[in-house]
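Novice: I'd like to ask you about the structure that follows.
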2 protein chains.
Amino acid sequence: MADTKSDSIEETSAFTPRFNEAGLIPAIAQDAMTGDILMMAWMNSEAIEKTLETQEVHYWSRSRGELWHKGATSGHIQTLVSMHVDCDQDVVLVKVTQTGAACHTGRDTCFYRKVTKDDDRLTLKPGH
Amino acid sequence: MADTKSDSIEETSAFTPRFNEAGLIPAIAQDAMTGDILMMAWMNSEAIEKTLETQEVHYWSRSRGELWHKGATSGHIQTLVSMHVDCDQDVVLVKVTQTGAACHTGRDTCFYRKVTKDDDRLTLKPGH
């Protein structure tokens, strides 16, 4: 009889990422030192493999439709510290050492605006 | 003439979340005190509204196809500290105070396993 508990997707030691219908999985990048969330992008299985192989984070660019070695052009690479997966294996987390800015706007993180409610209207204000 | 710089999605103060074709946006929950990433789930516009209105985090449950007031049953609610949006407004970040465990497995965070390469095979080991 299979040990259903340890074989469950939550408890297994087998890495079986659950990609969406486009073959992608969300990947959150967190600064390993500060704990700041830098960005969220998407990986396919090749991006996961390349990231682990090179220790530099690779994503799948949905806009360009190609493998995206983050920082290959800008120099703003993300050096992998560790890769994690969530309980039901449909989200990846990479803890990284960020060189330069994570965000294409030149900011340290992509999450530089706060959603606030003003007079029943949702607006954005600067804020981490 | 429109000020294209400040009107851009990256610089505007208008909150215009870009939902996917299913009307959903990824939402990352981070512990506001420890910086730990607790989980990632999905929100629709109602979940965003309810979260800001009640200051308790609501998601959209894709498996149940309904609004999900996190912790309503388990008591493991997430009290909102702040809500953020990323540069191109297609990811939400909520900083929260977590009551009890964030993960349905009873763990503090859903990211309790590390992806490691052993003999060319990717396996999971316990590890934040």
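Here, residue 1 is simply the first one shown, and the rest follow in order.
Backbone N, Cα and C define each Cβ position, glycine as well.
Feature annotation from TrEMBL assigns Mg(2+) binding site to A:Asp86, A:Asp88, A:Asp90. According to TrEMBL, the Zn(2+) binding site annotation covers A:Cys87, A:Cys103, A:Cys110. Under the heading domain 'Phosphoribosyl-AMP cyclohydrolase', TrEMBL lists A:39-112.
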Novice: For the domain 'Phosphoribosyl-AMP cyclohydrolase' (A:39-112), would you mind checking the mean pLDDT of the predicted model?
Specialist: 97
Novice: Could you put numbers on the helix, strand and coil content of the domain 'Phosphoribosyl-AMP cyclohydrolase' (A:39-112), residue by residue per DSSP?
Specialist: 10 helix, 29 strand, 35 coil
Novice: Can you count the other CB atoms that lie within 10 A of the CB of A:Asp88 (Mg(2+) binding site)?
Specialist: 15
Novice: Sorted by position, what residues of the same chain at least six away from A:Asp86 (Mg(2+) binding site) have a C-beta under 8 A from it?
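Specialist: Set apart from A:Asp86 (Mg(2+) binding site) by at least 6 residues yet with Cβ under 8 Å, we have A:Val92, A:Leu93.
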Novice: Suppose we draw a 10 Å sphere around the Cβ of A:Cys110 (Zn(2+) binding site). How many other Cβ atoms does it contain, all chains included?
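Specialist: Neighbour count, Cβ to Cβ under the 10 Å cut-off: 26.
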Novice: Given the binding-site residues A:Cys87, A:Cys103, which one is most crowded in terms of C-beta atoms within 10 angstroms?
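Specialist: Neighbour-count leader: A:Cys87.
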Novice: What does the structure give for the C-alpha distance between A:Cys103 (Zn(2+) binding site) and A:Asp90 (Mg(2+) binding site)? Integer Å is fine.
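Specialist: About 24 Å separates the two Cα atoms.
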Novice: Would you mind reading off the Cα separation of A:Cys110 (Zn(2+) binding site) from A:Asp88 (Mg(2+) binding site), to the nearest angstrom?
Specialist: 26
